[in-house]
Amino acid sequence: MSIICAKVAWLPLTLGTAMGFLITFYLARTLLERNSQPPLALRSWNNMELLPEVGMSHFHLPEDNSVSEELSKKVRVLCWIMTGPTNLKTKAIHVKNSWTRHCNVALFMSSITDEDFPAIGLGTGEGRDKLYWKTIRAFHYAHKYYLNETEWFFKADDDTYVIMDNLRWMLSNYTADQPIYFGKRFKPYIKQGYMSGGAGYVLSREALIRFVEGFRTGVCKHTTSTEDVAIGNCMQLMGVIAGDSRDTEKRETFHPFPPEHHLTMKFSESKSFWYWSYCVYPIVEGPQCCSDLAISFHYISPEDMYTLEYFIYHLRAHGYQYRYQPPLSDNADNLPVYIENETVKPNRTISDFLEPPMES
């Protein structure tokens, strides 16, 4: 009897200990999980739930953006972004919601039309072997519908970030009737070099005219799927100059990697890395790698599209002024001012072309 009573007496203590252990374990696990996860907002960013909804107004009070506004009317840039159906909602949407808002015209070029996005269907397949076909048809599209609406024609990938104001400043030193194009200049394969596809490149109106003429006359052909090399070859054949896009301090403005790679990576530790043998201009590591008026970076994640947008257009250090703000060139003062065209053109498909280049 005493043994039974002893067991009964110990039962509440045992149950209490077990319950206490379970509660402690549950609370500890909950705290660990909570501390191991980023805040809710960041978890939403990682899940791509809030990114398209992020609004980034560029109005600041007080702020003088008169120079930028003036250049946007003198140096009009059409931006076309190479993308695909599977990338519209994962990559292209974040390009659309960030830097392309600073373009005079922004077009998203895909293999098929998406009227909701909207994206222009070029009637090509998908894959790396179709990149040059997309490029050929996209530039033909821009030539047919926008030749007289902008002076410059910029191509970018859907993971490229571009500071359009800096691009306009660089282009303001030139005129659109010059046969020239700019980008991150590589040197293999082509005598005058060619521009990296990932860092983006921009053609003058005259360069675009010559590109289209090259295909009309058969001087330029689709001979390789390597888009940037192929367009560089066509540019050289048509007498289009590979321009120097470095700033007045001889620092690079177009970049084929994200900012942190150029700022922190030691390219010199691996001289076998392809980048060493490709660059026309000397590679500079560290803070001097990049121009204060940098134009583009490649391999930018959706989150970093908005991060860069914030850093460039919103973040300020109190009490500091920009240490490098070059004036506009004399050429920029002589450029005509264009009145904004309110007419919105419908997105067309490749079928609207008159004898577009066809895949062989």
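Counting starts with 1 at the first residue shown.
Backbone N, Cα and C define each Cβ position, glycine as well.
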Cross-ref Swiss-Prot: Mn(2+) site ASP157, ASP159; candidate in list HIS262, HIS298, HIS314 matching that site is HIS298
If you consult Swiss-Prot, the disulfide counterpart of CYS220 among CYS234, CYS279 turns out to be CYS234
The residue that Swiss-Prot pairs with CYS103 in a disulfide, chosen from CYS5, CYS79, is CYS79
From CYS279, CYS289, the residue that Swiss-Prot pairs with CYS290 through a disulfide is CYS289
Taking all protein chains shown into account, the Cβ-based neighbour count within 10 Å for GLY127 (UDP binding site) is 10
One finds that other Cβ atoms within 10 Å of the Cβ of GLU126 (UDP binding site) number exactly 15
GLY127 (UDP binding site) to ASP159 (Mn(2+) binding site), Cα to Cα, whole Å, comes out at 16
ASP159 (Mn(2+) binding site) and TYR299 (UDP binding site), compared by Cα position, are separated in whole Å by 5
For ASN173 (N-linked glycosylation site), the nonlocal same-chain Cβ neighbours (under 8 Å, six or more residues apart) come out as SER329, ASN331, ALA332
MET82, GLU126, GLY127, ARG128, LYS134, ASP157, HIS298, TYR299 bind UDP per the record; greatest CA separation between any two, in Å, is 20
Cα nearest CYS234 (disulfide bond) among recorded positions (ARG128, LYS134, ASN148, TYR299) -> LYS134
